[in-house]
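To start, the structure itself, in structure tokens.
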Amino acid sequence: MSAKDPKVVADLKYTRNIGIMAHIDAGKTTTTERILYYTGKSHKIGEVHDGDATMDWMVQEQERGITITSAATMAFWKDHRINIIDTPGHVDFTIEVERSLRVLDGAIAVFDGVNGVEPQSETVWKQADKYKVPRICFVNKMDRVGADFVMSFGTIKEKLNANPIPVQVPIGMEDTFRGVVDLLENKAYMWDQSGMGDHFEITDVPNDMKEEVNRFRTEVIEKIVEFEDELLEKYLNGEEVTVPELKRALRKGTLELKAFPVFCGAAFKNKGVQPLLDGVIDYLPSPLEVPAIVGHDPERPDKEIICKTEFDAHAAALAFKIANDPFAGTLTYIRVYSGEVKVGEQLLNPRTQKKERIQKLVKMHANSREEINSLKAGDIGAVIGLKFTGTGDTLCESSHAVVLETITFPEPVISVAVEAKSSADQEKMLAGLAKLEKEDPSCRLRTDPETGQILLSGMGELHLEILVDRLLREHKIQANVGKPQVSYRETITVAAKAEHVYEREIAGETHFAKVSLSIEPISQADGIQFISKVAVSKEFTAPMLKAAESGFREAAEVGPLASCSMLGIKGTLNSVEVRPDSSSEMAFKAAASLAFRDAVKAASVELLEPIFKLEVTCPDDFVGNIVGDLNARRGKILAMNVKQGGGQVISAEAPLASLFGYATDVRSLSQGRASFSMEFLEYAIVPAKVKTDILHKMGRY
């Protein structure tokens, strides 16, 4: 069946793949719970603060009242199937947001009606911009003291440089909030104050709001008609513009990322969720309306392959998350981009060159599941029992191999040493750590080459705390966990070249390889890159090239200053010498590794440390204390702005090494009245004096 087939078009036209994203505590999970309740998936509304929210199904999530992993679920609304992913808002779990956005077609951005756009909202918004995800906005908590729709709307415009279009305005604010006015339909939606918000009445706009609503409505219509030339002409000619025409034009603007429709409500009080669901259908794209994904040929990376959203095309799917289920084993969440993935068939993973049999396919509802026989293009589900597939891998037909663009993962910035209490626990611990690393690519495992300790690295203190908690609980292990340490990195500042001849006799056989390579500094965000100017041939085979790259990358894991992983280096293989009788993969791996080490010695190595971006909100009386303290922590003050309603917002950057325990210190500096948020910004070169101190502490001087 092709995408022209009416059944396929109907199927996909009525599908939405969406995410719910926001700053921590803006009400994402509560909004999702309401959506599940109103779409009939959940017979009882789960509350985050009671620890029984459906989407928060890990023990750690229910205890902390925050979302850590992206739970995926399917719901139905007005003949449409909606696949929903609830993403975490805490900065330590940015990776979960990143990988969710990679496979979604649209998103609901939830904002706190009291605070408007907050730091993590900005981060998530930028991630959605990166993947060109159309969004609708939901200004939540309109019933809270201090709720201000106009202020929140303004922050979307100013802080996010977006073009928000209000499709609703609230009726009442704070404790008088009782409904919304739909500006396109010019009707009021009033919710019953009692009950679960199932029942609402659609009535005329309240008399005391008519004048204001008419003014707003005219402004909104004037903005919307600009998205369609014919409609603009019609409007300028003084003709009546209908509601369906306005919705069609606003949909066009939303899909082109020129507009972001704004809804409002109070999810906790069950108000405003049904019109938001209508907004998902009216303004967010179906899989047919997003550009076809482009992959490339694994054998020829410069050859592009377009994966069309068609059921009869060759199968291609992206694995975007791995989870371990205590009963089912490994669950691999996939988004199918073209063709159909069926139970019983074998698919190829081009990265590992291994074939995987699709034993079981399931549709997920948070942590319960329903077995299905196939997943078609445009759909999201999970495969049970894949052995060799990781996050960001492609699954495709071996006769039509394709590699889809993978997911980029941030560098971990903080680590702890983990040591099993007994030798019996040691094996269990290593198996448990390997599982965690497979599930969560933003956590890394490495053995310290000096001490032999196992180091678990992650994106922040909370992230590490939860990883360790899961390790101990899920795998029933007793372990000693060290204090969190900063994960330093190393880089080069000048280009260098080296060549190395490896010739050795092992077990009576000679192994020979000669490589010449050059290295140069690149952006730290680009990690370690390797390219070859030497073409694969009969003599210099593809496995030899792969072995040389492997040797290069492994050598970059241990820097010369402090044995830290290296970043920001591009390596180029310039030439090789092959002897047909004695050259081997092992020899090329060793030669490339040793050539890299020789080149690094001449490349002026520097130590890198993670820098964090901070935003501290505090009353005016304590600004001096906070700024003085940040300066003492090697911080850099970037801006100070007056906060609406009083107080100051201080924007700063500071090294992570100086921020351990900052939450406690900031409370005592402000008598408990300051709040702050921080997120990873970049790795930067450590100043010379500080570098000497760090290397002394590491025993490197």
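Quick reminder: no glycine exception, Cβ is built from N, Cα and C everywhere.
Look at Swiss-Prot and you will find 22-29, 86-90, 140-143 tagged as GTP binding site, backed by sequence analysis. The Cβ of MET142 (GTP binding site) lies under 8 Å from the Cβ of GLY113, PHE149, PRO170, MET173, GLU174, PHE177, CYS264, GLY265, ALA266, LYS271, GLY272, each on the same chain and at least six residues away in sequence.
Annotated domain 'tr-type G' per Swiss-Prot: 13-288, in sequence order.
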DSSP-derived structure type at ALA22 (GTP binding site), helix or strand or else coil: strand
Around the Cβ of ALA22 (GTP binding site), the count of other Cβ atoms that are within 10 Å: 29
